[in-house]
Amino acid sequence: MTSRNQDEMKRAVAQAALDEIRAQLARDTVIGVGTGSTANYFIDLLGDYRHHFDGAVASSEESAERLRRNGIAVLDLNSVGPLPLYIDGADEIDQGFAMIKGGGAALTREKIVAACSERFICIADRTKRVPRLGTFPLPVEVIPMARSHVARQTVQLGFDPVYREGVLTDNGNQILDLHSRMIEDPAAMETRLNDITGVVTNGLFAHRGADILLLGTETGVERHLRP
Ligand SMILES: O=C[C@H](O)[C@H](O)[C@H](O)COP(=O)(O)O
């Protein structure tokens with residue numbers, strides 16, 4: 001549940017993202033678009049500019065569907081080159097622009113699209129900015145048969161894993177949410193978790209963090225560049 005204030009901040013950052021990229025929307029341009037309630041505001045605003053650019057690569061089936069409803073062509077990542085821009089939300093973002101993502105279970109496709117993008121613009125309300133990652137449970141996408149094995153391994157790392165029951169990712173996999181541990185070194189933990197056999201990927205975006213943060217506050221949108 002988000003408050004009315006939080007929704008207003010999400011809409012404001014979505015508008016700020018559109019203002020940020022509008023000059024780059026041109027024929028032959030394809031952009032990457034993320035997933036979640038903040039990304040949804042962005043997609044709906046982007047619809048008015050659908051004739052200005054070629055289309056988008058979506059990080060989830062849900063976003064693909066919403067893009068299409070807004071008249072925006074959805075393209076296969078394999079049929080386009082590197083993307084100039086990726087616009088997406090986050091569950092937490094720290095001072096170095098490392099993030100936790102995957103609250104909506106879209107982390108793997110998000111990480112793939114982000115990896116193919118020159119610039120990652122993170123759109124978030126101020127509640128997402130944290131001094132240290134880890135209050136939000138860290139999502140890990142796992143191959144279903146490996147779920148218990150991965151859970152045991154994460155306990156060794158000090159986490160308290162919880163199976164997100166009833167959720168299947170767009171890739172047909174399951175999600176473990178890792179509770180109860182703050183992340184001191186996001187890049188090291190991202191690698192450590194990905195090294196566990198059966199992990200598809202985890203929701204730490206540290207190796208490829210955001211480049212620009214548009215942060216919604218009660219008094220307006222702040223624009224920050226990665227330090
Ligand atoms: O899997 C979902 C994504 O990582 C979202 O970008 C993230 O959960 C933030 O979503 P929201 O904008 O709804 O807070």
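Backbone N, Cα and C atoms are what each Cβ position is placed from, and that goes for glycine too.
Database features (TrEMBL):
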| type | residues | note |
| --- | --- | --- |
| BINDING | Thr35, Gly36, Ser37, Thr38, Asp88, Gly89, Ala90, Asp91, Lys101, Gly102, Gly103, Gly104, Lys128 | substrate binding site |
| ACT_SITE | Glu110 | active site, proton acceptor |
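Lys101 (substrate binding site) and Glu110 (active site, proton acceptor) have their C-alpha atoms 9 Å apart, to the nearest angstrom.
Fewest other C-beta atoms within 10 angstroms, among the binding-site residues Lys101, Lys128, are seen around Lys128.
Comparing Ala90 (substrate binding site) with Glu110 (active site, proton acceptor), their Cα atoms are 11 Å apart once rounded. Cβ neighbour count for Thr35 (substrate binding site): 29 (other Cβ atoms within 10 Å of its Cβ, all protein chains included). If you draw a 10 Å sphere around the CB of Glu110 (active site, proton acceptor), it holds 31 other CB atoms from the protein chains shown. On a Cα basis, the residue listed as 'active site, proton acceptor' lies 8 Å away from Asp88 (substrate binding site). Only Thr35, Gly103 of the binding-site residues listed as Thr35, Gly103, Lys128 bring a Cβ under 6 Å of any atom of ligand 1; the order follows the sequence.
In this structure, Asp88 (substrate binding site) is part of a beta strand by DSSP.
Whole-number maximum of the Cα to Cα distances across the substrate-binding residues Thr35, Gly36, Ser37, Thr38, Asp88, Gly89, Ala90, Asp91, Lys101, Gly102, Gly103, Gly104, Lys128: 15 angstrom.
Comparing C-alpha positions, the residue listed as 'active site, proton acceptor' sits nearest to Thr35 among the binding-site residues Thr35, Ser37, Gly103. Around Gly103 (substrate binding site), taking its Cβ as the centre, 20 other Cβ atoms fall within 10 Å, counting all chains.
Taking the centre of the Cβ atoms of Thr35, Gly36, Ser37, Thr38, Asp88, Gly89, Ala90, Asp91, Lys101, Gly102, Gly103, Gly104, Lys128 as the substrate site, the nearby residues of that chain (Cβ within 8 Å, site residues left out) are Gly34, Ala39, Ala106, Ala124.
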